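Right, one structure below, let's go through it.
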Amino acid sequence: MTVTTDQLREDVARELDRARRRTRALTDAVDDSELVRQHSPLMSPLVWDLAHVGNQEELWLVREVGGREAVRRDLDELYDAFRHARRERPGLPLLSPDEARRYSTGVRDQALDVLSRARFEGDPLLADGFAFGMVIQHEQQHAETMLATHQLRSGVPALAAGPPPAALVPVAGEVLVPGGPFSMGAEVEPWALDNERPSRVVDVPGFFIDAAPVTNAQYAAFIADGGYGDERWWSPEGWAHRQAADLSAPMHWRGAEGGWSCVQFGREAPLAGDQPVVHVCFYEAEAYATWAGRRLPTEAEWEKAARWDPLTGRSRRYPWGDEAPTARHANLGQRHLSPAPVGAYPAGASPLGAHQLIGDVWEWTSSPFVAYPGFAPFPYREYSEVFFGSRQKVLRGGSFGTDAVACRASFRNWDHPIRRQIFSGFRCARDARPDEVR
Ligand code: AVJ
Ligand code: FE
């Protein structure tokens, strides 16, 4: 990056502050008794996330970068995600909400002092402010996790936001992505995480991908056609899970055929047919695609559709170019508490005409989460490496709950194929026949 040290410091301080305001908004929205409660065995109590983001910031910015004394070494064990599964976290002797707030604020004061003295040279951990960027993305990732916890909570609604923008253009059908090589993975992305690297050239045969994510109305047609009862559309594992978990509609849908509503952050409303479907697991996405005579895109296909510029052959940072996301480009950053209707972001479309690849819903791909060739863990194995080969699936593109700082067209998310408490949707793809590629 060609920014001055002062500029970088200013950018980092602003992003740290934005992340903390988001954390505080999500945790101040409910009273303390709710912060310590577990709303689902899939999720931590919010008070755990609150102190965990502070603990990671202490480990990386205060101790590692700053070379300073521990603030609270005794907390490392409690807030280590690998020591305690989420379901066990409410039983731990966690900091109280006030203690957690004070702890994270104390760490932040020290991190800002470390920032004011940081040199950003020599040390790869500090180049372009990477360690700060990593901690900022970490806090924003937990902000999305905390938003998913809010979605699982019952009781009086605690969060509010304006409705998403209306559709501006009609978007339907599929777009052809011509076959050929493209550069996959992060090249010049200063805050790209280890699993996005190294970039390499991948040859992707021609394929078609949907111009938009699958909508609620489209998904309801699959249900109406008996999709959940027809084993033909499901993979063997998918069918076994569909039976065991008794799936019959996306999570948070209520009612029945013809009269669906959905519950979002404690408010029930009629299902918006033109919004991307959200809260489906990988197996549901896969079954829909098979029913539709299609398939899920691979991770490489998704990234080529999102980044490849047919005019220059270059890979962009985002579908619309290299410019950071704004409110015109994508539904990101918890500005709205739902996906936006298909067609709401024409300014965010790719050169080939694929819309809403970034924002709205995370999109399941058919690819397992594995290392790119030449991968090196950086700076810690537990971010990505320990999850490679764990049969988790890659999701791409970010959701309405994802912050822009933790979202780009090379960004890789992953989860178990049964998970649907996350803001997950999908779009379909298919091979191009030889006569279709010319
Ligand atoms: C990349 C979203 C799968 O939440 O498990 C947070 C991000 N890693 N703290 C997760 C993460 C460590 C991670 N995901
Ligand atoms: Fe974490």
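Backbone N, Cα and C define each Cβ position, glycine as well.
As recorded in TrEMBL:
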type	residues	note
BINDING	H52, H138, H142	Fe cation binding site
BINDING	R86, R87, E88, R89, D415, R419	gamma-L-glutamyl-L-cysteine binding site
DOMAIN	15-146	domain 'DinB-like'
DOMAIN	172-430	domain 'Sulfatase-modifying factor enzyme-like'
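Taking the mean position of the Cβ atoms of H52, H138, H142 as the Fe cation site, the remaining residues of that chain whose Cβ falls within 8 Å of it are D49, V53, Q56, E139, Q141, T145. Shown for the domain 'DinB-like' (15-146): DSSP residue counts in helix, strand and coil, namely 88 helix, 0 strand, 44 coil. The Cβ neighbour count for R87 (gamma-L-glutamyl-L-cysteine binding site), using a 10 Å radius and every protein chain shown, is 13. Within 10 Å of its Cβ, the residue among the binding-site residues R89, H138 with the fewest other Cβ atoms is H138. Each of the binding-site residues R86, R419 was scored by the number of other CB atoms within 10 Å of its CB, and the largest score is that of R419. Counting other CB atoms no more than 10 Å from each candidate's CB, the binding-site residues E88, D415 peak at D415. Between the C-alpha atoms of R86 (gamma-L-glutamyl-L-cysteine binding site) and H142 (Fe cation binding site), the distance comes to 13 Å. Cα spacing between H138 (Fe cation binding site) and D415 (gamma-L-glutamyl-L-cysteine binding site): 16 Å, rounded to the nearest whole number. In this structure the C-alpha atoms belonging to D415 (gamma-L-glutamyl-L-cysteine binding site) and H142 (Fe cation binding site) are separated by 15 Å. When secondary structure is read from DSSP and collapsed to three states, R419 (gamma-L-glutamyl-L-cysteine binding site) falls in the coil class. In sequence order, T23, D49, H52, V53 are the residues of the chain that are 6 or more apart from H142 (Fe cation binding site) and have a CB within less than 8 Å of its CB. Counting every protein chain shown, the number of other Cβ atoms lying within 10 Å of the Cβ of H52 (Fe cation binding site) is 24.
The maximal spread of the gamma-L-glutamyl-L-cysteine binding site, taken as the longest Cα to Cα distance among R86, R87, E88, R89, D415, R419, is 20 Å.
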